[in-house]
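**Student:** Below you will find the structure I want to go over with you.
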Amino acid sequence: MAKIKLLACIAVLVVHLAFGEEQAPSDVSVESVPYTSPTASKVGVYLAENFDNPSLLDTKWIKSNSKKPDVDEELAQYDGKWNIEELERFPLKGDRGLVLASESRHAAISSKLDKPFKFDGGKTLVIQYEVAFQKPHTCGGAYLKLLTDGPHIKDLTQFNDKTPYSIMFGPDKCGPTSKVHFIIRHKNPRNNTITEKHCLKLKTEESVFTDHQPHLFTLVVKPDNSYSFFLDQELQYEGDLLSEDDFNPPINPPKEIVDKNDVKPEDWDERSKIPDESAVKPDDWDESEPESIPDESSSMPDDWLEEEPTHIPDTAAVKPTDWDNEMDGEWEPPLINNPKCEDRSGCGPWSRPLMKNPKYKGKWKQPLTDNPNYRGKWTPRLIHNPDYFYDKNPLKSSPIGAVGFELWSISDKIYFDNVVIADDEVHAEKWSEVTWSLKKKNVSHESESVFGAVIRYTNENPWLWAVYVVVIAVTVVLIVITCCTSKEKTSLNESSKKTDEPVPDVEAEASDEEHEADIKEDEEVDSKSADDDEENVDVEADQTNEDQVPSSPRKRRTRKD
């Protein structure tokens with residue numbers, strides 16, 4: 001007992017040394033991560049919205065009451081609901097977000113930037129925001145539109161799907177198809193027409209729509225036209241705005257296009273091989289030979305029954321009661337396999353199996369040879385594209401004045417938070433450190449077990465692994481010492497025990513029985529009977545002694561003649 005107490009004291013001492021007074025074991029247990037509403041720098045940040053203040057609705061963030069043009073009246077109205085709420089799962093205390101609170105409704109909400117963002121002076125554009133699909137998501141978008149600066153954003157209550165935007169970015173899913181949109185509305189510098197350019201390269205994991213956790217979407221567009229897409233701060237793809245393979249249609253049209261008026265000449269020969277007209281069919285080529293002939297070496301198996309049909313009428317079948325001979329014809333029982341043929345090679349007429357004819361050559365054709373007039377596959381010629389241009393700054397003519405969500409979704413409870421528009425990645429990273437990173441940490445803390453919390457705390461303090469090794473080693477040593485000492489004491493106690501313990505006194509009973517046996521022996525005339533009686537008495541005495549004292553040796557008397 002003393003050693004057990006000593007072991008407990010050592011364990012407490014080690015825990016005290018490991019965690020210290022400032023970090024008690026309660027720090028390892030699950031606890032909420034502290035959160036404070038962040039504030040952004042005034043320099044280089046055009047919008048940084050945390051949605052922690054519910055009064056933002058209808059003041060800074062304006063709900064749309066517009067209608068979709070060219071749509072039925074019942075579906076045209078933007079009547080979706082927006083709320084500012086906490087996350088439903090693992091929220092940070094005091095942290096809120098913008099929530100689409102209606103399903104199967106058109107909903108739009110927007111806010112002006114603190115100042116317009118212009119693509120000049122070598123600025124980098126950083127778009128970043130959080131999305132959490134809090135309910136099973138089947139169909140609907142969660143993308144953000146960067147509205148083009150101009151008179152059409154003066155009244156944000158009229159924000160709808162026709163409002164001009166410069167960039168659209170964010171996730172979208174409907175059925176099995178999921179994607180991440182990156183769309184640029186590009187202005188043609190030659191004729192000022194607008195064309196949507198869709199990026200083909202951005203993808204996301206299906207878990208984004210199913211795990212109900214907040215995910216961070218980040219798009220970075222640099223002055224050299226390179227762009228990067230990050231999901232949860234991990235790089236997913238890097239590309240070039242001017243690449244012909246990244247966007248459909250490409251930002252810049254091709255220099256040359258196919259001449260639609262070009263027609264293939266009549267004498268254009270596209271055949272690479274032609275029959276050799278000089279070739280002649282050999283004299284021994286027989287086209288009349290069949291491809292297969294009967295195998296003359298085969299013979300009918302001995303157990304083959306030629307007289308038996310393979311199928312016979314089912315005698316157990318009964319004509320249906322509703323059978324009409326006039327309408328259905330004469331009824332006949334259905335056929336079944338002939339049972340006489342089950343264990344035989346076959347029944348019915350036998351014929352030799354077919355084999356490949358060695359004389360068969362088939363239809364003779366002239367062999368092919370190279371075509372001397374071959375000119376290759378014809379394609380129409382290319383001509384200069386009259387609409388060609390090369391815009392090395394495709395976003396320069398599309399300054400951004402506001403941002404907004406214009407959505408339709410079957411699922412509700414889509415959570416948006418921490419929208420950041422900046423001209424430097426550092427601003428977005430700093431903002432995420434005090435927002436999204438805290439949420440991920442909180443999710444990890446809230447969902448992990450006590451054991452998981454200990455592991456997490458240990459990983460944060462790797463030196464604790466050495467402490468655990470020492471604790472385990474000390475514990476094992478003490479257990480071994482305790483067990484060995486106990487075994488030694490047990491051995492000493494067993495060796496010191498007495499081996500001459502008293503046993504029940506049965507000798508008196510045995511003497512009495514012997515005396516009676518002597519008397520009977522003297523009275524008996526037949527010595528043989530006397531001897532038999534004495535043996536019986538001995539057996540009974542032995543059994544009595546064994547029943548009373550099983551462990552004591554039995555004392556036998558001397559037999560008299």
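For all residues, glycine too, the Cβ spot is worked out from N, Cα and C.
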**Student:** According to TrEMBL, which candidate among Cys139, Cys199 shares a disulfide with Cys174?
**Tutor:** Cys139
**Student:** Checking distant contacts: for the compositional bias 'Acidic residues' (284-294), what same-chain residues at least six beyond its ends satisfy Cβ-Cβ under 8 A?
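**Tutor:** Non-local partners: 351-357, 359-364.
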**Student:** Which residue counts does DSSP give the region 'Disordered' (242-307) for helix, strand and coil?
**Tutor:** 0 helix, 12 strand, 54 coil
**Student:** So for Cys174 (disulfide bond), how many other CB atoms are inside 10 Å of its CB?
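**Tutor:** Neighbour count, Cβ to Cβ under the 10 Å cut-off: 14.
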**Student:** Near Cys139 (disulfide bond), how many other Cβ atoms are within 10 Å of its Cβ?
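**Tutor:** Within a 10 Å radius of the Cβ of Cys139 (disulfide bond) lie 14 other Cβ atoms.
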